[in-house]
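A quick write-up on the structure given underneath.
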Amino acid sequence: MELASAHLHKGQVPWGGLLLTASLLASWSPATTAEVTIEAVPPQVAEDNNVLLLVHNLPLALGAFAWYKGNTTAIDKEIARFVPNSNMNFTGQAYSGREIIYSNGSLLFQMITMKDMGVYTLDMTDENYRRTQATVRFHVHPILLKPNITSNNSNPVEGDDSVSLTCDSYTDPDNINYLWSRNGESLSEGDRLKLSEGNRTLTLLNVTRNDTGPYVCETRNPVSVNRSDPFSLNIIYGPDTPIISPSDIYLHPGSNLNLSCHAASNPPAQYFWLINEKPHASSQELFIPNITTNNSGTYTCFVNNSVTGLSRTTVKNITVLEPVTQPFLQVTNTTVKELDSVTLTCLSNDIGANIQWLFNSQSLQLTERMTLSQNNSILRIDPIKREDAGEYQCEISNPVSVRRSNSIKLDIIFDPTQGGLSDGAIAGIVIGVVAGVALIAGLAYFLYSRKSGGGSDQRDLTEHKPSTSNHNLAPSDNSPNKVDDVAYTVLNFNSQQPNRPTSAPSSPRATETVYSEVKKK
């Protein structure tokens, strides 16, 4: 039988395989001296595909060559034989009808099955009947079907249960590689992840809600890749501590109270509301229209998971407040002399309201001269200065409203001739004046002594603080413009005559008194 011209079953030989075979056979050129080798194209064959056992360096002077299945030349394992001299093909006992033998020694297998995998022997007989053999091996792999993920626990509980996921491939698992991914990221062994030998089974220890997935297992062999459908775990958890929104806890009468409660839970939690510890509604939201101050109190959201048996609560205190009324500002005197004191009082009927002070429509910046009462209702300025002149207001507020008082303008009376010097500057001036007077007095004494003849004259330099009876140079203490006497320096110049006999009566000494006055206003 001439195998090279044998007809193939319809649809069994892909055109791509035949074209590849033709290309390989056309490019083959025999060599006379090289060793015969055989190449399986491809070496890893997908089931139901073709494989070509391509011979290299086939000798030219051959009487015949034959292919055998296995590493043998037993007659019952012969597939086909070719005789070059007669260009004839013959089939053997192992021929399946899917093989084609070529004159260059190559053998084409069509529609490969798993049973075809193994070793094949080419037996060559030369013209002198000497026989040589060459062998080749190829592997056949199944086309992988889509795998499927199964779980040993369909409803694991967070923190309590572990789960094993198994990738079922429906083919021989020994020749398959398994890869796992979660949320598109590759998984490997870790603290809570364990993989079986071969990676076919993935175990999650002490599952959490973050282990939900989805999971995908991927199967690989040398000829194909396939992936499972995404698989997600139904992890039971919760409820977490509920959150009540919105965050507002103060409302004014006439508004609507609308509260919503949420707690993470699987399955979804059951919700209950209690007002002042009394059951009110079994819903996730609570709505009370047109509230009054009687609606103030504690609002409790109670949640329960019927599967885990866990419950959680959150309490929110709601206060309904009346808007504040306008405060009234009063003052001891709106026209104040500089360095006097003034007291402003903010009057309000709203107990517990917050009080703030404003100066020229801006928040008042307190100085060391300003003091506030414990509840901020009284502002005292002592002493008051000209920069304190302006408009004052008080502002009261509660969490739902704010009101400002009437405006009071403070006028400050001050002496325009006053420079407004500090106490330190005044003290410096006084010291300077006293020192200047003393210097002038000393200079006058020196000049007078020289003019009177040097050391013959005596000078009496004294300092007194004359009484008001003798030297009442300052205004009366009762004067509105009181002036304080600081010091008086009294210079007494006693002119001495030359010494005279003791019998002669001494004439009175001429005395001159000079006053220098330094005053502090």
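Glycine too: its Cβ is placed from the backbone N, Cα and C atoms.
Per Swiss-Prot, the residue from the list Tyr448, Tyr488 bearing the note phosphotyrosine is Tyr488.
Only one of Cys301, Cys346 is recorded by Swiss-Prot as the disulfide partner of Cys394: Cys346. The recorded disulfide partner of Cys217, taken from Swiss-Prot and restricted to Cys167, Cys261, is Cys167. In Swiss-Prot, the entry for phosphotyrosine among Tyr102, Tyr392, Tyr515 corresponds to Tyr515. Annotated range for region 'Interaction with calmodulin' in Swiss-Prot, selecting from 302-314, 328-340, 445-457: 445-457. It is 23 Å from the Cα atom of Asn226 (N-linked glycosylation site) to that of Asn152 (N-linked glycosylation site). Looking only at the glycosylation sites Asn199, Asn294, Asn333, the densest Cβ neighbourhood within 10 Å occurs at Asn199. With respect to their backbone Cα atoms, Asn294 (N-linked glycosylation site) and Asn333 (N-linked glycosylation site) stand 43 Å from each other. On the 0 to 100 pLDDT scale, the region 'Interaction with calmodulin' (445-457) averages 61 in this prediction. Under the DSSP three-state reduction, Asn199 (N-linked glycosylation site) is assigned to coil, being neither helix nor strand.
Per Cα geometry, Asn199 is the residue among the glycosylation sites Asn199, Asn258, Asn290, Asn317, Asn333 nearest to Asn89 (N-linked glycosylation site). Secondary structure at Asn294 (N-linked glycosylation site), taken from DSSP and collapsed to helix, strand or coil, is helix. Between the glycosylation sites Asn148, Asn226, Asn317, the minimum number of other C-beta atoms within 10 Å of a residue's C-beta occurs at Asn317.
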